[in-house]
Amino acid sequence: MLEQEILGMKLSNPLFLAAGILGTTASSMKMVARAGAGGIVTKSFSIEANDGYDNPTIVKIEGGVINSVGLASPGVEAKKEELKDLNEIRDKTPVIASIYGDSEEVFSDVANQTKDYVDAFELNVSCPHAKCGFGSNIGENPELTHDIVSSVKDNIKDVPIIVKLTPNVTDITEIAKAAEDAGADALTLINSVGPGLRIDYKTARPILNNVFGGIAGPMIKPIALKCVYKTYETVDIPLFGVGGIRTYKDALEFLYAGASLLQIGTSIMYEGPEIFKNITHDLSNFLEENGYKNVEEIIGLSHNLG
Amino acid sequence: MLEQEILGMKLSNPLFLAAGILGTTASSMKMVARAGAGGIVTKSFSIEANDGYDNPTIVKIEGGVINSVGLASPGVEAKKEELKDLNEIRDKTPVIASIYGDSEEVFSDVANQTKDYVDAFELNVSCPHAKCGFGSNIGENPELTHDIVSSVKDNIKDVPIIVKLTPNVTDITEIAKAAEDAGADALTLINSVGPGLRIDYKTARPILNNVFGGIAGPMIKPIALKCVYKTYETVDIPLFGVGGIRTYKDALEFLYAGASLLQIGTSIMYEGPEIFKNITHDLSNFLEENGYKNVEEIIGLSHNLG
Amino acid sequence: MIENVYDDEVPNVVEIKETIIETPTVKTFIFPWNITDDIHPGQFVMVWDLHNEKPMTISIIDRENNLMGITIRKAGPFTENMYDNMDVGDLIGIRGPYGHGYELDGYKKVLAVGGGSGIASLAPLTSFYDNVELISASSCADELVFNKRFDSDVVVHKCTDDGSCGFKGFSTQLAEELLQTGEYDVIVGCGPEIMSYKLYELSIKYDVDCQLALDRYMKCGLGICGQCCIDDTGLRVCVEGPVFNKNQLRELGEFGKYRRDASGSIVKY
Amino acid sequence: MIENVYDDEVPNVVEIKETIIETPTVKTFIFPWNITDDIHPGQFVMVWDLHNEKPMTISIIDRENNLMGITIRKAGPFTENMYDNMDVGDLIGIRGPYGHGYELDGYKKVLAVGGGSGIASLAPLTSFYDNVELISASSCADELVFNKRFDSDVVVHKCTDDGSCGFKGFSTQLAEELLQTGEYDVIVGCGPEIMSYKLYELSIKYDVDCQLALDRYMKCGLGICGQCCIDDTGLRVCVEGPVFNKNQLRELGEFGKYRRDASGSIVKY
């Protein structure tokens, strides 16, 4: 019912672990695979190890979290070891490496060093709490996005390239089109929103050490759905939908809007890693009860109504 | 404790009714004034009457509402009568007219016809569900924003001009600076977020008749706070903070971030019009208990900490 | 302060279980709904036909079978489509109930006057209170709504303009005859505003209490769009109403005189 | 499924009500907190000094006076600043409690071994259970924590490396002596990981149960950042831990061998 083959990946269900959630260590990703994820996206990494920002980096707020981890990650050498350790799960649970950098060369270098151990790359050009030159500094700009994607595509021939976009732009479809034109094999929509700010009401002090942080969780779902819906009408490549998916009803909204695959992140905070099994179960039931034969039948359905 | 004088308005408290909430009729605005609002912003209007979109136009969702009323409003002739009827409250409760249009001429024309009955204008260049040419089509563009504001300032000499900005741009401070450079006397941050999309999980049908709608309510607070905080560091004119204020703690966050005045809209859905009296009461108590003499002492406080 | 700030309240799409053709222009739709204790006669729901959405008074509150009903009269494209095209098995979206209904505790005897499909708002009263007498009025016998609905122990005074069934004349004339008996201490009503305003005048003349359901253009149903605010007090039909009591009605300067359209422009009666 | 999806859980800024200098390097901070029934020994809170934020085990759970306490050892800039500069009247932000604590129901006699400030995690056990004996260990008499805290009916075996107070030697040596009596059916512990690993080995050797609090770099405390996931099972110290039972410990390949730093890079012990 939920099987699909996309980007050469044979998937038992469309629910991937989203980048940035768990995903640092092989053992945490295996744990999520055991919990029923259809695939894994690693936490973003680059050439060098990066401690990220000081705490507080992630705080629970109404409707989700606000987060400025700042791309904390071990460097590519250490990450390669974690990725190797994931080989045992890849036949059943494909692994996508989320990578970041501040230049075409860095992206290609990181990808080249790890391409034997992954099923696809997700280029993080959209982190809203990256330092200058990284993350959304790229993804806010269609030309920069195009250049990075083209360059990685030129260098990495045999592994699909997914581009994760930021919603924090005036028109996300412009960036989506730039990424598609540059050869992206798929897009992930959306990275975290804002960034946002929370201030302690007693002391007037911004709560996050980095002051601002990306907003994730159920509250960003309507924004993510808008981005998926609009981008679905703009590009022809498959879309990963991500942003606030917590129940099968949320998953349905994203599929109807045009996402072929889904990613789950923050809601693990509410539901535990078993969220993957739960949504898979509920989604299968819904499709069966409503007479669908395969999840593909409902992808983009909202666009085809009278 | 909460008194301020800003833009020539003597205010008993900083809590204005936000544009778009109630605010169609004089009687609804008087009702909000009786409920303790420090000031009123009318629902946006223009030259012609406008029915807006068909229902569903406003639906309650997790953390707020999604709305595509589409600038429904009687034309300026009818609105002028409502404004005249508000004269009796203006000594205690200043009235700001929110106006919209698709050209410099329309903005100036509407303003000219009503300037005798209001204490300021708020230019709505940021409605995310306006038809093409109106609303955020202007406010997403620094040049267009500059032109509209300059033109209205040239034509309307004696009434302050406030510009309400959209957060749905790559960099709100760029638009804020354009508005300030064009002569804006104050800014209102922020209009609704997204726009967003919600889809019925059973039928795949977008719920709003207009498919997309602006997101308002508590869930947008972290985004609004970010916009206020960053804009406070960019411009020198006073800021109205609006977006998810429901309790005095929310009000404090906005004041600390740099808003001199505040607007309340969607939270009337949760708390009723008495929200104005409640927050006024709680805010006064907080300031007194913490040894402040006037609310002005805490405006922008977050920017001045070690 | 309310608790459910973060509840999702998008339309709940339900399948129509039963329809009843009440008259050539009036039809009832019954659908499954969790009938909680806070649902009260006089409240309304927002009804989404998957395209447009309108407020509709609740005409059936069936606690036992967890069913709700609405009863609509053909009066425009939305209701015409519902009457002509929506039937058992079709889907409609419902959100609500919203608003403030009738409050009849403490009254001795209630005269409830329903003009045309206005009886939809009043009918559920008979299962919530045992001191309610109804006037069901319409232009002619064919247009009388809910003829077969009420138990035999419910007193229903029928009334038609042309006398084809029951009292001949306007509902307000019949109401005045009944008020003259001095048996009633409150009059409640739902129907055309000209009727409602006349009932309000009768309540003054005969010094009885009065609760009337008013109808205004609505967008949100949530108390924020301001579309249904009534002059002069600015009361919101969707929150403080749709049923207003005599003290409130006294302050509603527009009651019986005008309403506002989708743009907020005044339309005189 | 949990209910509080939409709760705000930013740090709750509280005023320090009391501080206790426990040793030249260890200090306790007591602050008001609503002590609900779900707060349990072994859990931790995230402590915000208004600049940085670190996880700290809860050392005082005072239901009667609605007070909570944390006990920190100088071990870096954060704890040095707290020790040297934070005092009564200062503000700290607290969020939590988080994680899974000790579960000692059904055991006959518990041996709880605290190394240095690790005793902070164990001390609240004595007011939740009456079958707990403590080993409080440190390098020397001056560094023994909570010397005056415990009631006379709580058995505390003191232990110093140099013998300046109580047993001379390592806590694990004393623990083994006590285990040899056969009186205990579970050993719990908190302290340096080398100590904890040795306690785990003792639990195997003497065939008793075992629950140990582990310490890993944390960012969120909410189970999502993945920073504290432990090899090989990927269990989250902030959710499934910080206290792990014997079955879990058996699967933790990195236990006693290495940890990960802020970047997620492996640091060997």
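Every residue, even glycine, has its Cβ placed from backbone N, Cα and C.
For A:1-287, the entry in TrEMBL reads domain 'Dihydroorotate dehydrogenase catalytic'. The substrate binding site annotation in TrEMBL covers A:Lys43, A:Asn67, A:Ser68, A:Val69, A:Gly70, A:Leu71, A:Asn124, A:Asn191, A:Ser192. The FMN binding site annotation in TrEMBL covers A:Lys43, A:Ser44, A:Asn124, A:Lys164, A:Ile190, A:Gly217, A:Gly243, A:Gly244, A:Gly265, A:Thr266. Under the heading active site, nucleophile, TrEMBL lists A:Cys127.
Positions of the features from TrEMBL, shown on the structure.
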residue  : record                   : Cβ contacts under 8 Å, 6 or more apart
A:Lys43  : substrate binding site   : A:Ala19, A:Gly20, A:Ile21, A:Leu22, A:Gly23, A:Thr24, A:Ser73, A:Ser98
A:Ser68  : substrate binding site   : A:Tyr53, A:Thr57, A:Ile58, A:His129, A:Pro195, A:Leu208, A:Asn209, A:Asn210, A:Val211, A:Phe212, A:Gly213, A:Gly214
A:Gly70  : substrate binding site   : A:Asn50, A:Gly52, A:Tyr53, A:Thr57, A:His129, A:Ala130, A:Lys131, A:Asn210
A:Asn124 : substrate binding site   : A:Ala19, A:Ser44, A:Leu71, A:Ser98, A:Ile99, A:Tyr100, A:Gly135, A:Lys164, A:Asn191
A:Cys127 : active site, nucleophile : A:Ser44, A:Leu71, A:Tyr100, A:Phe134, A:Gly135, A:Ser136, A:Thr166, A:Asn191, A:Ser192, A:Gly214
A:Ile190 : FMN binding site         : A:Ser126, A:Lys164, A:Leu165, A:Thr166, A:Pro167, A:Ile172, A:Ile220, A:Ile223, A:Ala224, A:Cys227, A:Val228, A:Val242, A:Gly243
A:Gly265 : FMN binding site         : A:Leu17, A:Ala18, A:Ala19, A:Gly20, A:Ile21, A:Ala216, A:Val242
(request) Take every residue in the domain 'Dihydroorotate dehydrogenase catalytic' (A:1-287), average their pLDDT values, and give the whole-number result. (result) 96
(message) Can you check which residue among the binding-site residues A:Ser192, A:Gly243 has the largest number of Cβ atoms within 10 Å of its own?
(response) A:Gly243
(message) For the FMN binding site, please report the maximum Cα-Cα distance among A:Lys43, A:Ser44, A:Asn124, A:Lys164, A:Ile190, A:Gly217, A:Gly243, A:Gly244, A:Gly265, A:Thr266 in Å.
(response) 19
(message) Taking each of A:Lys43, A:Asn124, A:Cys127, A:Ser192, A:Gly265 in turn, which of these recorded positions have a Cβ less than 8 Å away from a Cβ in chain D?
(response) A:Lys43, A:Gly265
(message) With DSSP assignments reduced to helix, strand and coil, which class does A:Gly243 (FMN binding site) get?
(response) coil
